[in-house]
Amino acid sequence: METINVQGSPNFYKCESGVLKELPELIKDEPFKHGTIIHGKDSWAMAEPYMPEFPFSIETISYDGECTHQEVERIKENASAATDVLIGVGGGKILDLVKACGVALDLPVILIPTLVSNCAAWTPLSVFYDDKGNFVEYTIYKRSTYMVIVDPSMLVHAPVEYLRAGIGDTIAKWYEADVLTRQIKDKPVPLEIALHAAKLCRDILLNEGKDAVEVNETAQCTSAFTRVAETIIMAGGMVGGFGDRYGRISGAHSIHNGLTKVPGAHPFLHGEKVAYGILVQLALEGKNEQIKQLVPFYKSMQLPLSLKDLDADSPEDIEAISYYSTRPSESIHLMGIHEQSQVREAIFAVENSLASL
């Protein structure tokens, strides 16, 4: 098999309640003189009470709502020439945007997630969309993030639907990595690490995800919540970090990308679309029993079990999903799936099998 490129982690990571107050101490030996914080409106309202006084000057820039190439250019033009460190505060799209800006400006990046909805804080890549929220591409960077700071005492106050979506996105790590690697007999050590992390994601979230959601609903920062948060952010990121192309995406994320082309599905979160994509991927593999096994968990997490749940169930919607999920650039081809008709039939199989439950 081809060589695996390993980017296992950010340069520095710390997860602890109250850790944001320690940030000045953590960076005191760095020569930073001017930082630019890039944030969203809601994420800044949530994070600002937890932010420390920095030992250098700070400016803030609010992002426009999508991680686009145009937004990267706008940030480049608006950030002060004196900026020597970028600080991203927000959800996955903001963090992806700041990583892209860090590469474009050749600056170190500190990431502070305000949602437990994906592993964007950990992974050295950005997912790009257009200004309407349609998936465009993703770019992997050679440089890892300088620092990731995770404060569970802040994250537990985020809306619970983001945690549910994060759980949906992260259990996909196992199913997507498994289908790409099960035929590889002599797996290199990095790939074994990636698969162990993927299995950890699946097992912890299936067994403990419900407990984390319950405490998130009441804003209680417990060890259960922290454990699930780290599973999503850290273990989820390690799958691709150590597994490279064998641990990033395959069928479920291609279905997500197809769903981004359907207007009715736009209000739904990334992880919700990926969660539905898992079901279609399993149908493509002929694993109907595994689909049925996931149904009780999906119901407990309020994850979508049908296209109707995603407001994407018209014949035109199904054609769009199956067409865009099988474009030449899509990762579903890594599974050996090349025809739009295969995805269409798998969608019908999911819809029909779940209708009988």
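Note: Cβ is positioned from N, Cα and C throughout, glycine not excepted.
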Notebook entry, point to check: Among D169, D178, D186, which residue does TrEMBL name as a further glycerol binder in the site formed by H253, H270?
Noted result: D169
Check: D96, D169: which of these binding-site residues has the highest Cβ count within 10 Å of its own Cβ?
Finding: D169
Next item on the list: Using C-alpha atoms only, work out the spacing between D96 (NAD(+) binding site) and H270 (glycerol binding site) and round it to an integer in Å.
Entry: 13
Margin query: For a quick check of understanding: among the binding-site residues I94, L125, which residue's Cβ has the most other Cβ atoms within 10 Å?
Written below: I94
Check: In which DSSP state, out of helix, strand and coil, do we find L115 (NAD(+) binding site)?
Finding: coil
